[in-house]
Amino acid sequence: MKIACIGAGYVGGPTMAMVALKCPEIEVVVVDINEERIKAWNSDKLPIYEPGLLEVVKECRGRNLFFSTDTKKHVGEADIIFVSVNTPTKTHGIGAGKAADLTYWEGAARLIASVSTSSKIVVEKSTVPVKTAEAIGKVLKRNCQDPNVNFEILSNPEFLAEGTAMEDLRCPDRVLIGGSETESGQKAVETLASVYAHWIPKERILTANLWSAELAKLTANAFLAQRISSINAISALCEATGADVQQVAHAIGTDSRIGNKFLNASVGFGGSCFQKDILNLCYVCESVGLKEVAEYWFQVVSMNDYQKQRFVERVIGAMFNTVSQKKIAIYGFAFKKDTGDTRETPAIDVCKGLIRDGARCCIFDPEVTAEQIFRDLSAPKFEWDRPNYSRSQTHMLENVQVVSDAVAAADGAHAICVLTEWDQFKTLDFKSMYEKMTKPAFIFDGRNILDHAKLREIGFIVYALGKPLDPFLVKGY
Ligand code: NAI
């Protein structure tokens, strides 16, 4: 059996590496139009940072795992084709700011149709709007020259989380495969299930109809993001009342109906998926006339925007309502720890908010390059997933400096904002950093990872998200 995967990104790369590792008799080729990305996959500096990924790639690469730009050859030869291309939010036209842009997906489908001389199983790995399989089926059928070629489309959404992708792939809570309820559809489901059965217990391989599988992915992301927005909403109330959001989260998390995972209040959720998929869910709801349902889910995104704005206002308010020309050290730019991914990271909105008020941001992140940070801060909303930005906001960059050391970032700064929960921030020598900062020295912990009592002892004015406010902050606000 030969497998090809179109799209060598955060999903295609790790997913196919795991398939190759667990199925040594299957040849797996990951193809992409991005030459630089493929070159990096064939080197020891992979294009994405994910703990444990390099080891797996090194074990399989050249054996039964290959990365190539020769899309036509490998897609033409494959029995199963995973499509794992980007599905960003539309930036213009009908549905702009909400609907999924399926240009890349359709491009992949047209490619498959044009090179197929034998029947194929086409697997939707990308997150797509419900009913995409129907549209893709039409594109495939109408563009393939050979009438004897049959395409069976499956929905196999990916539930991995960046930062823990390899563990999630090795031991997933479940794998979901949706197929059409025809005989050939069910046969295709069984074929794909047999690949996963190499390492995943049968009871964790769930099957469903196509539309349920497509919708399940959007729903899963909506529910996960909703939990974060829910606890973030409560964090605002905690600050207003003297309650402590971590105590509240612990108390509710012990209820088995609620559960204790994913209840950390923060400066906001980020990542390429949550916002995009909820907006897409809203768009789908609106399209079928479910205005109230769309409005309900849209609040999850609004609350996330509010949380980022609230953080910026807290920083500016605490610092005597002006950050003009003040140096602010930004700790962490990735949307979460253990990844270098900055797509929709809250750090973008927080930095832009501070810079708009005249602050000078000095940014440190252990995995994000200066080039990426400059790109992100000069790109308008929703443009990050496209190679050439049509418009850019270069004025944002005048007050941005990127450094390769957390201690240097704080040198002479008025404040430190912790925006990503990197473990290394917990063990910094804050006492000696305090000496070199402008007084009063502030720390705004947007992730609640630092030892706040110790920081206060050193002399810092500390803002901990969702926790009782320092008297200094209450008066100054
Ligand atoms: P990505 O942007 O990292 O990777 C997509 C790749 O597809 C890019 O390298 C691009 O060059 C390539 N591509 C686009 N059109 C192509 C074509 N016609 N032929 C060949 N290559 C093409 O995106 P990522 O993060 O891997 O996401 C892919 C999909 O998976 C999205 O729909 C996303 O919503 C979904 N997803 C992402 C997760 C994540 O944690 N990043 C988790 C679960 C699902």
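Using N, Cα and C of the backbone, Cβ positions are placed for all residues, glycine too.
Keep in mind that TrEMBL annotations are predicted by a computer and have not been checked by a curator.
Annotated NAD(+) binding site per TrEMBL: 7-12, ASP32, ARG37, 85-89, 126-127, GLU162, 273-276, ARG343, in sequence order. The active site, nucleophile annotation in TrEMBL covers CYS273. Per TrEMBL, the feature domain 'UDP-glucose/GDP-mannose dehydrogenase C-terminal' maps to 329-452.
Locations of recorded TrEMBL features on the structure.
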residue: GLY7; record: NAD(+) binding site; contacts (Cβ under 8 Å, 6+ apart): VAL30, ASP32, PHE82, VAL83, SER84, VAL85, ASN86, TYR104, ALA108, LYS125, SER126
residue: TYR10; record: NAD(+) binding site; contacts (Cβ under 8 Å, 6+ apart): ILE48, GLU50, GLU162, ALA165, SER272, ASP341
residue: CYS273; record: active site, nucleophile; contacts (Cβ under 8 Å, 6+ apart): THR127, ASN221
residue: GLN275; record: NAD(+) binding site; contacts (Cβ under 8 Å, 6+ apart): THR89, ALA225, PHE269, VAL301, ASN304, GLU344
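The DSSP breakdown of the domain 'UDP-glucose/GDP-mannose dehydrogenase C-terminal' (329-452), given as helix, strand and coil counts, is 43 helix, 19 strand, 62 coil.
In the three-state DSSP scheme, THR89 (NAD(+) binding site) falls into the strand class. In this structure, of the binding-site residues ASN86, THR89, the smallest number of CB atoms within 10 A of the CB marks ASN86. For the recorded site, GLN275 (NAD(+) binding site), the DSSP three-state label reads helix.
Every protein chain shown contributes to the tally, and the Cβ of GLU162 (NAD(+) binding site) ends up with 24 other Cβ atoms within 10 Å.
In the three-state DSSP reading, GLY7 (NAD(+) binding site) counts as coil. When averaged over the domain 'UDP-glucose/GDP-mannose dehydrogenase C-terminal' (329-452), pLDDT in the model lands at 92. GLY7, TYR10, ASP32, CYS273 are the recorded positions among GLY7, TYR10, ASP32, CYS273, GLN275 whose C-beta comes within less than 6 Å of an atom of ligand 1, given in sequence order. Residue environment of ASP32 (NAD(+) binding site) contains 23 other Cβ atoms, counted within 10 Å of its Cβ in all protein chains.
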